[in-house]
């Protein structure tokens, strides 16, 4: 736990650096780079989607070639360079478009030119590359510190994932309060500067734990094993009429199986589902044959069973994408909604990008409560090691996301009603309605994020074969990525379809008051509900590896 604690502190600093800009970036792009609200939203979702998708690359490299230790240090250096470029651009007026002095939403400002946009996107995507490497290596690095051959080790690892999300929230809390206030009041160059300093400080903190870290040695590409099994299965199924291609049982090749498990230690012996081929995904069983077209396609029972596990967790992964599409709205349209409203609490004026402070604080309160109260109680009631299963946690998050989208639609209807009644539809003045209404959807989506992200990480790490754990854990971030990309696609599709039936699409223009955002939120609520039923179909059929573990 001591070794993992260094990872948790590093994650606070890393997430501070990432979210300090991501949470407020949509306003920077619209106010200082003069992109339209919908363009700004798409740039942010594409940037964050790329960052999280690159976590898959980070997980793959950790498993196959680098250690999680080395990959973190390399990725932190890359993110530092990207933030440095953004800091320089924000500090230098000549590297940004001229300031737009107009207060009217109807007058267009001068857009950013190609050279300045190139610098902006170079910095952003260097940050995305660094963030991807860190997200793909840091969670599995922390989880590797625990002994999964003992119940105590597995319980501590589950606690680690809960506190990993807690650390994410700590970094986010500082980002959306202190750093966002600096960006809005002192200038974006100072905000980027704080983020740059934070990621730089995370490197020596990470290095402090070097003497006590346990680090898994890369065992080669897990993707190669997957493709080998799939190709061998397809080839041997096509040749199944030939009796020489009969499937071997474990008893015909015990030596290869024993050697492989011996290399990976007792943990693998515990986690291998059985010593014979299972009936699940039976078409893969023919990858294990006496004769193959090439020795390179010779597969062991262990390899086939590992590929089966990976294929069985993919449907669960796919069902979480819609939830993350809902989460994407927290850093785009929700911020822009709040920017049109009264952001004062008493005499204190709150920056719109500080809205995520509500779910962040709630997550910081509920994470320890869940870990120290809910889980122990659930273990006593169910008399199981997990108490609440990973799939139950993920399902809870999906339900909360449905509620969040319904709340978001109702709040937007109220906001537009106030804009119409006060005659401020075409004005840039704040509407006479408090931005705290937006906080309601943040609370539900923040709770959904807590349940789903920690549940996904623990689920993918626990269920995946040992040689693929970093890659499997990075699926949690890939789900976020797909959610952000799907958000961009959904916005484009909605605009294209609605422009056929109306002169103006639902989500188009520079004035958010003319958007039909409430219809978009209702659409997402319906899609989330359909997705939940899809999730139930797969979750009810999933069998945990530990349930079929041999004595």
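Just so it is clear, glycine is given a Cβ too, placed from its N, Cα and C backbone atoms.
In TrEMBL, annotation is done automatically, which means it is predicted and not curated.
Database features, via TrEMBL:
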- 6-29: transmembrane segment (TRANSMEM)
- 41-61: transmembrane segment (TRANSMEM)
- 67-88: transmembrane segment (TRANSMEM)
- 161-182: transmembrane segment (TRANSMEM)
- 188-208: transmembrane segment (TRANSMEM)
- 309-333: transmembrane segment (TRANSMEM)
- 353-373: transmembrane segment (TRANSMEM)
- 394-413: transmembrane segment (TRANSMEM)
- 433-461: transmembrane segment (TRANSMEM)
- 482-500: transmembrane segment (TRANSMEM)
- 520-538: transmembrane segment (TRANSMEM)
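When Cβ-Cβ distances under 8 Å to the transmembrane segment (309-333) are tallied for each of 161-182, 353-373, 482-500, the top count falls to 482-500. Ranked by Cβ pairs under 8 Å to the transmembrane segment (353-373), the stretches 161-182, 394-413, 433-461, 482-500 are led by 161-182. In terms of C-beta pairs under 8 Å, the stretch of 41-61, 188-208, 394-413, 482-500, 520-538 lying closest in packing to the transmembrane segment (161-182) is 188-208. Within the same chain, residues 18, 22, 25-26, 29, 35, 71, 75, 124-125, 127-129, 131-137, 140, 221-223, 328, 331-333, 336, 470-475, 477-485, 487-488, 491-492 sit at least 6 positions outside the transmembrane segment (41-61) and bring their C-beta atoms closer than 8 Å to a C-beta of that stretch. Spatially, the transmembrane segment (188-208) is adjacent to the transmembrane segment (6-29); three or more Cβ-Cβ distances between them are under 8 Å for residues at least 6 apart in sequence. Sequence-remote contacts of a segment are chain residues at least 6 beyond its ends whose Cβ falls under 8 Å from one of its Cβ atoms, and for the transmembrane segment (433-461) they are 139-140, 143, 157-158, 161-162, 164-165, 168, 313, 316-317, 320, 323, 326-327, 329-330, 334, 337-338, 341-345, 350, 352, 355-356, 358-360, 362-363, 366-367, 370, 390-391, 393-394, 396-398, 400-401, 403-405, 407-408, 411, 414-415, 418, 469, 472-473, 475-476, 479.
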